[in-house]
Amino acid sequence: MKWVTFISLLFLFSSAYSRGVFRRDTYKSEIAHRFKDLGEQYFKGLVLIAFSQHLQQCPYEEHVKLVREVTEFAKTCVADESAENCDKSIHTLFGDKLCAIPSLREHYGDLADCCEKEEPERNECFLQHKNDNPDIPKLKPDPVALCADFQEDEQKFWGKYLYEIARRHPYFYAPELLYYAIIYKDVFSECCQAADKAACLLPKIEHLREKVLTSAAKQRLKCASIQKFGERAFKAWSLARLSQRFPKADFTEISKIVTDLAKVHKECCHGDLLECADDRADLAKYICENQDTISTKLKECCDKPLLEKSHCIAEAKRDELPADLNPLEHDFVEDKEVCKNYKEAKHVFLGTFLYEYSRRHPDYSVSLLLRIAKIYEATLEDCCAKEDPPACYATVFDKFQPLVDEPKNLIKQNCELFEKLGEYGFQNALIVRYTKKVPQVSTPTLVEVARKLGLVGSRCCKRPEEERLSCAEDYLSLVLNRLCVLHEKTPVSEKVTKCCTESLVNRRPCFSALTPDETYKPKEFVEGTFTFHADLCTLPEDEKQIKKQTALVELLKHKPHATEEQLRTVLGNFAAFVQKCCAAPDHEACFAVEGPKFVIEIRGILA
């Protein structure tokens with residue numbers, strides 16, 4: 001890369017990086033500006049999401065009252081921007097509203113202490129009290145009751161959906177939740193007219209639920225990336241992902257979008273939902289206005305209404321790679337000015353490398369691309385200080401192959417195991433693996449994480465070879481982030497803390513490399529853990545599996561060195577015991593008699 005070309009690129013990148021695509025206007029009343037930009041319907045939806053994500057135990061009706069009051073105030077400010085308090089920031093207005101709730105301390109305890117702070121510390125305090133694992137009952141869809149609610153009051157139905165999802169997922173990407181609420185309403189508009197409502201509704205609700213849970217996990221990872229590793233980490237992630245998806249767009253264009261995408265997500269992660277949604281709409285508008293230079297896959301997206309448009313852009317298919325790309329080695333190994341370019345503008349040079357490498361490797365996971373970029377950076381940092389830098393970094397690309405081989409081999413082995421055992425058996429294998437690695441982690445967390453890790457088989461193993469790596473590693477990043485988020489609240493394992501905090505891009509390799517914890521002191525055998533009742537027979541299959549897997553974790557915590565043969569025998573006997581009692585005329589009586597015998601059996605097998 002010639003120096004004059006690089007300087008031109010640096011100037012363009014620096015300008016785009018600092019400026020982005022948004023205008024940074026100031027307004028007399030921020031809340032009036034957002035209300036006018038978003039419109040009343042979306043404004044009310046976003047305010048409802050904001051309150052629900054902070055006050056997760058509050059009844060829906062209380063939130064509706066708060067939303068109504070904020071909306072009326074916003075309308076006052078639209079009519080007269082100089083009216084009392086209209087010049088206050090949205091953070092201040094929102095925080096004041098929370099702190100005015102009389103029962104705040106009674107229902108939320110320490111959250112009320114935040115009210116003694118000033119902005120922005122008060123808002124940061126509110127964020128720290130969000131609960132990623134709230135004690136809220138699982139929703140069980142009743143098609144007849146739901147259709148009755150939908151037909152009685154569509155607006156309330158829409159609001160309750162936002163409320164229920166937001167309070168269970170306090171970092172859900174708010175404008176995307178508005179999109180899913182539209183899809184949810186559409187499902188009910190169609191299925192509540194059907195003769196068999198359940199047959200129409202239940203598969204569609206389950207399909208939507210999977211998409212919503214994945215969306216929640218993706219946003220939680222983005223927020224964790226920004227909160228724990230800084231904005232630069234998120235920008236690097238976005239640069240790699242967008243370069244893969246839009247390989248025809250030039251580096252400066254991608255950099256502009258990355259800068260503003262970081263702003264949008266930082267706003268949503270910090271609870272600035274109105275500004276986040278407004279800026280996301282502006283970014284979608286910019287991308288569509290410039291789609292000719294960004295991607296050929298956006299036309300269909302750009303013809304859609306706002307929420308569908310933004311969602312469609314985020315999920316857009318990868319564009320074809322330009323045919324005239326030079327080999328990467330030309331600019332990043334063979335060019336004699338590599339060290340000069342690197343030293344003069346490290347971030348731009350490394351960003352260019354990541355952009356060029358990512359657009360050529362749509363089959364790699366983002367984490368792998370970032371690990372490769374880290375190795376390239378470390379090599380230049382070392383070589384550019386030596387007497388003959390070109391000779392030193394001449395073989396840098398050879399260092400990348402082991403980074404690629406490691407996840408490929410791991411995925412191959414695990415997919416073979418998945419094919420052999422099936423999903424439930426594969427989950428059990430992962431439960432054994434992770435309980436031995438980090439037995440200090442709570443049993444519910446180990447079961448949840450292992451079950452989700454096990455889903456990588458059905459999600460990714462049947463995909464074409466060129467899609468497997470990115471599918472598996474990107475999905476595993478979401479699941480391991482869930483483990484890290486839960487563990488941060490109640491840290492019990494130094495190994496988990498180390499893997500979670502040292503490097504975002506090396507999390508998965510760190511967890512994969514963990515060995516069984518030989519320092520762990522086994523738990524005492526608790527008979528109550530292996531006591532079961534008649535309700536086990538009527539549980540849905542997934543809940544029945546969770547009961548069995550919970551027992552498996554507890555078994556391993558008692559006997560961490562149990563052999564595969566011992567565990568297989570115990571699980572086989574357990575299945576036979578459950579089958580016998582669930583087939584008996586009196587389930588409870590059978591469990592009462594056979595249960596103690598089963599416990600004696602377990603202890604004998606593991607002795």
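The backbone N, Cα and C atoms fix where each Cβ goes, glycine too.
In the record from Swiss-Prot, residues Asp278, Asp282 bind Ca(2+) 2; the candidate from Asp37, Asp535, Asp542 listed for the same site is Asp37.
Swiss-Prot annotates Glu267, Asp272, Glu275 as Ca(2+) 1-binding residues; of Glu30, Glu518, Glu524, Glu527, the candidate listed for that same site is Glu30. Checking Cys191, Cys268, Cys269, Cys276 against Swiss-Prot, the residue bonded to Cys223 by a disulphide is Cys269.
Within His63, His91, His487, the residue that Swiss-Prot lists together with His270, Asp272 for binding Zn(2+) is His91. According to Swiss-Prot, Cys276 forms a disulfide bond with Cys268, chosen from Cys268, Cys288.
Among Cys191, Cys192, the one Swiss-Prot lists as the disulfide partner of Cys200 is Cys191. For Cys392, the disulfide partner named by Swiss-Prot from the candidate list Cys383, Cys415 is Cys383. Between the listed modified residues, namely Ser82, Ser89, Thr445, the fewest other CB atoms within 10 angstroms of a CB are found at Ser82. Classification of His91 (Zn(2+) binding site) by DSSP places it within a helix. Comparing the recorded positions His270, Lys557 on other C-beta atoms within 10 angstroms of each C-beta gives the minimum for His270.
With Ser442 (phosphoserine) as the anchor, the candidate binding-site residues are His33, His91, His270, Asp272, and the one with the nearest CA is His270.
Scoring each of the binding-site residues (His33, His91) by how many neighbouring Cβ atoms lie within 10 Å, the top position goes to His33. Each of the modified residues Ser442, Thr569 was scored by the number of other CB atoms within 10 Å of its CB, and the largest score is that of Thr569.
Note on Asp272 (Zn(2+) binding site): other Cβ atoms within 10 Å of its Cβ, all shown chains, come to 23.
Comparing the modified residues Ser29, Thr443, Ser512 on other C-beta atoms within 10 angstroms of each C-beta gives the minimum for Ser512.
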